[in-house]
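Pulled from Swiss-Prot, these are the features on record:
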- 1-402: region 'Carboxyphosphate synthetic domain' (REGION)
- Arg129, Arg169, Gly175, Gly176, Glu208, Ile210, Glu215, Gly241, Val242, His243, Gln285, Glu299: ATP 1 binding site (BINDING)
- 133-328: domain 'ATP-grasp 1' (DOMAIN)
- Gln285, Glu299: Mn(2+) 1 binding site (BINDING)
- Gln285, Glu299: Mg(2+) 1 binding site (BINDING)
- Glu299, Asn301: Mg(2+) 2 binding site (BINDING)
- Glu299, Asn301: Mn(2+) 2 binding site (BINDING)
- 403-547: region 'Oligomerization domain' (REGION)
- Arg712, Arg751, Leu753, Glu758, Gly783, Ile784, His785, Ser786, Gln826, Glu838: ATP 2 binding site (BINDING)
- Gln826, Glu838: Mg(2+) 3 binding site (BINDING)
- Gln826, Glu838: Mn(2+) 3 binding site (BINDING)
- Glu838, Asn840: Mn(2+) 4 binding site (BINDING)
- Glu838, Asn840: Mg(2+) 4 binding site (BINDING)
- 949-1104: region 'Allosteric domain' (REGION)
Amino acid sequence: MPRRTDLKSVLVIGSGPIVIGQAAEFDYSGTQACRVLRAEGLRVILVNSNPATIMTDPEMADATYVEPITPAVVEAIIAKERPDAVLATLGGQTALNTAIALYENGVLEKYGTELIGADVEAIKLGEDRQLFKGVVERCGAESARSHLCHSMEEVLAGAADLGYPVVVRPSFTMGGLGSGFAYDEADLRRIAGQGLHHSPVTEVLLEESILGWKEYELELMRDRADNVVVVCSIENFDPMGVHTGDSITVAPAMTLTDREYQRMRDIGIAVIREVGVDTGGCNIQFAVNPEDGRIIVIEMNPRVSRSSALASKATGFPIAKIAARLAVGYTLDEIPNDITSSTPASFEPTLDYVVVKVPRFAFEKFPAADPTLTTTMKSVGEAMALGRNFTEALQKALRSTEKRGATFSWAGEPGDRADLLRRAAQPTDERIGLVMQAIRAGATPEELFESTRIDPWFLDQMFLLDEIAGEVRDSDELTPELLRHAKRHGFSDAQIGELRHLPEDVVRGVRHALGIRPVYKTVDTCAAEFAASTPYHYSSYDEEDETRPREKAAIVILGSGPNRIGQGVEFDYSCVHASFALRDAGYETVMVNCNPETVSTDYDTSDRLYFEPLTLEDVLEVVHAEMRCGPVAGVIVQLGGQTPLGLAAKLEQAGVPIIGTSPQAIDLAEERGAFGQVLERAGLVAPKHGTASSFPGAKAIAAGIGYPVLVRPSYVLGGRGMQIVYDEASLEEYMRTATEVSPERPVLVDRFLDDAIEIDVDALFDGEEMYLGGIMEHIEEAGIHSGDSACVIPPPTLGNAELARVRAATEAIARGVGVRGLLNVQFALAADVLYVLEANPRASRTVPFVSKATGVALAKAAARLMAGTSIRDLRAEGLLPGRGDGGLLPADSPVSVKEAVLPFARFRTAEGVVVDSLLGPEMRSTGEVMGIDVDFPTAFGKSQTAAYGGLPTAGTAFISVADRDKRAMIFPIKRLADLGFTLVATEGTAQVLRRNGITSTVVRKHSEGTSEDGELTIVGRIGAGEIAMVVNTPSGNQARADGYEIRAAATAVGSPIITTIQELSAAVQAIEAAIVQERNGGGVNVASLQEHTARLNAAWEGRA
């Protein structure tokens, strides 16, 4: 069946900001869909609030709306654009829930718009727990015994029938949000209460516990002619009880018997047919009881999911691309396989290698959070590796996570066997390491299985690794056979060096002298049965190399590895742009990365893709392989964040050509003393600072500067380990618990600028001329990490004279450091002094936002500058505007606001309360959104709607502010009262309001408890949903504790919470704008990026 001719335009709904459970994989799937649909000649309209995505680039769709993904906004877009169809299966749970809401409130019918990809009935059958249970039974399969509940009374009755422990699973949520295992009634009340709150239909399913069973997933696709393919089987290394996104997973499944696998396939195919997914993909999860082989169907996602992205990268079978084609009418046998070019998509992929995915966590950012892994997903990213066997893939994947202590180590004593077995029984992110240490301590396979319920086959592979490590350590000499044997099982040069007490580079020298190097195999979807036309490679210590020679010069781009807090999809965005720009300029582009979620690891983003860990050893081998294939013009390290930057100096020492800013210049900007001299020569000032490698040193510096001070380790990204310290006792505590402090790695002590305006600048420099990308003003004051602060382009309160000072200072720094490419500088403006906080000669996390706000692709331009072009040439080519730059935008240009999205609701302490939502100098956001409109209040309002679901326009606001903020709060709070809000406040705050003629009611503090006549405390009232908005600025440590309870309650019920006065002023402006809009009867204003850019260009022309 060829493509439907009745469809002319399609609205694709994206997934919004990156949050835990819904990450970059949806940018990857959405980007693929937009490309395919446009190639089919359809007009593509896209809505997505996340500016850090490739899919929101103006060239990916005909109309790109960077707007909040809410039913009201999407309705406004449908009313304006009148698409024939809506495709919602590629934007995760956000897109699905929005599409269902539009269907149910009649919007789709009103505008004659069809839902394609999966119909509402199929979505409901797959997502509604009770209906899905019926589907499974009709297919002759089993699901776990369960009860569907809509209230706490039903929950308690259900648990009484099933017996503890029970699993709680809310309907229509994502990444296991609100789910968990309840071992007793207290657990059940807490978890089910959360689940009922997070489920949009207030519904949870209670299930019998299948803890300890084996967990599998199948990724399937079906078309309207009823062809079904099983793309991939995936097995979880951890047994049931850990969310699949937090588990180490392996493809293909390793421990199934053929009969079990066939049974699972049969069930999967029956289920996808019964649910009625007939134009796309789905993912089905199974549990298998290891005692008797009983198979239970756990759940299904009738859409593209995190596992689909993994399955796509693992097999080379592009699920999202094919799903988009099926949605517009094609069948599987009509769609060609891109990789082989000679087989159709109805051929099931075959794997002749093993794929392992390892999650990456961020518990160090939330020290109070409980690190136990449960059914609520907590990982923030993942790394994937391919190998010829399980052990090779596993060891490569572990070192790809770039986490200290993630790889197996055989150094030192393993510890007590009984203690290790006890600790390994609890699933945490360190469990696999504990298993290896228990093996070293003499634990038997039976004891380990009893403790962890990890399948004996996987445990046996771990024993094999321990045996090989023993051979390497104990043999008289490192023979070529032994070295090759260890490398075939994934041992790195560093691990072999540790076992032999040799430095890593000596091991590498020996290995190269013996001619032992990896070969590169190809992912071809068909186990080499047909030739592959796309070079998608992985390394292995095998015999035959499959890389091909080439004539053109290549540029190697090092990606950013697994997503983590502080280094997210924004850096991947810059790498992808560089690949596109350099390919257009006539180079062959080579991408090295190990993150399966991203666009950079799509096989058609660059000319060659190496799915490899970003370690010195692996990168050197890739560069060597590419130099064998043809000329290499250089390697780009400044786009992938801190990971590739950290390799720059060592790569250069090894003779690898680094293009762009030199490693020496990178060091110059990072090293305080040298950078201080650059500033001095330019006549610029930094806040007073010093470096210390001991507490007495730090104490002396702090005394000289005066408290508060900002302390942090050198060389970090995302403010890791930073703290604002108010007194000497806290400083001593920090120095005692900080990361390893040594003369090589000193701690930096800075003056902390209270009440300063923070300014962020992204610029390009070619050695002669500077192009200012954009000047952003932060809404929160300095001291909150720039990645967590909201920021605005053009800056709303800076005058032309200040902007001119910022421009001159940025250019002086670019010249002084010797930048070629991108530069990010952070300034603080305090008492009319412009302080330089830091300069980073690399792509920053604001590059995508600035590019979207100003309509200029900065990362593309930067890649060309690194390859030797000048800014003048790029202006002539049209890659940069012919005149002017982002530092002086026209007066009537649209205002863009970037807001950070924080994951506090996911993390709980061991007692089950949420971790504190206070912001500070350590970055904790996982993603971002953008609001864009004609003025600041409306744009800020949109950013809040996109990030947290919006600000209220009526109701009760609770106010409790620190003494230092009491003067500044009066005007915004008075405005709130004038707008009709009811105010409640703590006693001290209420008194100040009363003196200024503002009426408020005093509420009971949390520490006072509920009164005898039943008056709730503020925490109780927030929990009961009586408070529409919380304003709570913290002061000192004691008040922080009372404030913590208030903020935790607000986080738990999803009330907007404001913790700084600057944010309060912005919020009040946004609320007023929304009320005015409502009064005037106006709906939501929506405009596409293409329209904004056209307006901006017209304004530039008008200036000329």
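Just so it is clear, glycine is given a Cβ too, placed from its N, Cα and C backbone atoms.
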Might you list, by sequence position, any residue in that chain lying six or more from Arg129 (ATP 1 binding site) with a Cβ less than 8 Å away from its Cβ?
Ser146, Leu148, Arg169, Ser171, Glu203, Leu205, Glu299
With DSSP helix as H/G/I and strand as E/B, how many residues of the region 'Oligomerization domain' (403-547) fall in helix, strand and coil?
72 helix, 10 strand, 63 coil
By a simple count of other Cβ atoms within 10 Å, which of Val242, Leu753, the binding-site residues in the record, is least packed?
Leu753
Cα-to-Cα gap, Glu208 (ATP 1 binding site) vs Glu838 (Mg(2+) 3 binding site), nearest whole Å:
54
Secondary structure at His785 (ATP 2 binding site) (DSSP, helix/strand/coil)?
coil
Check the Cα-Cα distances from Gln826 (ATP 2 binding site) to the binding-site residues Val242, Gln285, Asn301, Glu838, Asn840 and tell me which is shortest.
Glu838
Considering only the binding-site residues Asn301, Arg712, Leu753, His785, Glu838, Asn840, which fall within 10 Å of Gln285 (ATP 1 binding site) when distances are taken between Cα atoms?
Asn301
Please identify, among the binding-site residues Glu215, Val242, Asn301, Glu838, Asn840, the one with the smallest Cα-Cα distance to Arg712 (ATP 2 binding site).
Glu838
Determine, to the nearest whole angstrom, how far the Cα atom of Glu215 (ATP 1 binding site) is from the Cα atom of Glu838 (Mg(2+) 3 binding site).
47
Can you check what DSSP calls Val242 (ATP 1 binding site), collapsed to helix, strand or coil?
coil
Near His785 (ATP 2 binding site), how many other Cβ atoms are within 10 Å of its Cβ?
21
Quick check: in three-state DSSP terms, what is Leu753 (ATP 2 binding site)?
coil
Could you state the CA-to-CA distance between Leu753 (ATP 2 binding site) and Asn840 (Mn(2+) 4 binding site) to the nearest Å?
20
Rounded to the nearest angstrom, how far is the Cα of Asn840 (Mn(2+) 4 binding site) from the Cα of Asn301 (Mg(2+) 2 binding site)?
42
How big is the Cα-to-Cα gap, in Å, between His785 (ATP 2 binding site) and Glu838 (Mg(2+) 3 binding site)?
12
Translate the DSSP assignment of Arg129 (ATP 1 binding site) into the three-state scheme.
helix
Which residues of the same chain, at least 6 positions away in sequence, have a Cβ lying under 8 Å from the Cβ of Asn840 (Mn(2+) 4 binding site)?
Ala669, Leu823, Asn824, Val825
